[in-house]
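*Asks:* Got these off Swiss-Prot a minute ago, pasting:
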BINDING   D24, F25, N26, R40, H63, F64, G65, R66, R122, R155  substrate binding site
BINDING   K206, G297, E328, G357, G358, D359, S360  ATP binding site
Amino acid sequence: MAKRSLSNLSAADLRSKRVLVRVDFNVPLNENGAITDDTRIRAALPTINDLIDKGARVILSAHFGRPKGQINEGMRLTPVAKRLSELLGKNVTKTESCVGSDAEAKVNAMADGDVVLLENVRFFSEEEKNDANFAQKLAALADAYVNDAFGAAHRAHASTEGVTKFLNPSVAGHLMEKELQYLQGAIDDPKRPLAAIVGGSKVSSKIGVLEALIDKCDKVLIGGGMIFTFYKARGLSVGKSLVEEDKLELAKELEAKAKAKGVQLLLPTDVVLADDFAPAANSQTVSIDAIPDGWMGLDIGPDSINLFQDALADCQTVIWNGPMGVFEFDKFAAGTNAIATTLADLSGKGCCTIIGGGDSVAAVEKAGLAEKMSHISTGGGASLELLEGKVLPGVAALDDA
């Protein structure tokens, strides 16, 4: 179901209106409390600037970390307000609490185009419980609602779902709209051939996604630590590589399902092994049927890279979720980097390349190729759930188009 978005609202609709905007500002900090990556803050700028330009009074709501429903001084949004103020080139007022007299006073003092950042909503346990009274208090600060926090859209919380019952209009922000357009579009109406590259260490965390993708894709390429569960299910020796013993039957079923549907399910043909889980471990590259005892696979090998590149060459849409190996160790990053480079090249030839959140995003950024991709998702769990075909509560709650 298509949703109304900020694009549908004019300056006349928004001028002098108090607009509550749920954003995803859950950014990483270093030990000194400085932001180490402001990507999520920058991702919300198009929505915030659009509202400022249309004369709205912008009230931002966000969570930070997991304070478990109580005030945690290390999880205040102070560094976020400072960085946002620098990026916008204007003052951002932060409240002491997300509801209550201080928030009300600061919101009441706003002029058109002003920006207020409410303190961490998760300082209240009612946020994650989606408590109606708490949602009503948040909503009482505003006249309209915009959800731009795709990364939190899979949660039915007070600030993502509850507030929509009290605010009309409730619409998607520009980032949310773009996420839905790309991710939903790739699943519902992709340019074909459609390929998915699924990596990461565990089959268990990607079961739903793998099952859904085998239903939708023409090709599914699997890398990362989860490949060893598939190999063991085939009866191969995997040394001391990571295996989920309770998922061996499932691995067999997934391979059988792909075969029955005529979907090309590709696993690596060679792997880079290490004698220890360490950056400077001894390494060797072997065929998957020649993994010796005492060694563990930490990356896909050069033959597998060629196999995957050939399979992707004619694809018109590619979704990538999860690295091919332990890319944090330079010695075992070749597979992941090769996929990143391949997708960047495909983008240049008109292929729609979607990096579906999580570690793949970090890998693409580490390789300096983020700008070359069609779309980089800001959601981890939300991206996975959308690709699985699940309804995201934060999206479902918005006004229908």
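Each residue, glycine too, has its Cβ placed from N, Cα and C.
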*Asks:* Could you say which of the binding-site residues H63, R122 has its Cβ with the most other Cβ atoms inside 10 Å?
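*Replies:* For the binding-site residues H63, R122, the Cβ with the most other Cβ atoms within 10 Å is H63.
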*Asks:* Could you find out if DSSP has H63 (substrate binding site) as helix, strand or coil?
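*Replies:* H63 (substrate binding site) sits in coil per DSSP, no helix or strand.
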*Asks:* Where D359 (ATP binding site) and N26 (substrate binding site) are concerned, what is their Cα separation in Å, rounded?
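*Replies:* That separation, Cα to Cα, works out to 16 Å.
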*Asks:* Compared by Cα position, which of the binding-site residues K206, E328, G358, S360 is the closest one to D24 (substrate binding site)?
*Replies:* G358
*Asks:* For S360 (ATP binding site), name the DSSP secondary structure in the helix/strand/coil scheme.
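*Replies:* SS state of S360 (ATP binding site) = helix.
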*Asks:* What is the total of other Cβ atoms whose distance to the Cβ of N26 (substrate binding site) is within 10 Å?
*Replies:* 18
*Asks:* To the nearest whole angstrom, what is the C-alpha distance linking R122 (substrate binding site) and G358 (ATP binding site)?
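*Replies:* Cα-Cα distance, R122 (substrate binding site) to G358 (ATP binding site): 22 Å.
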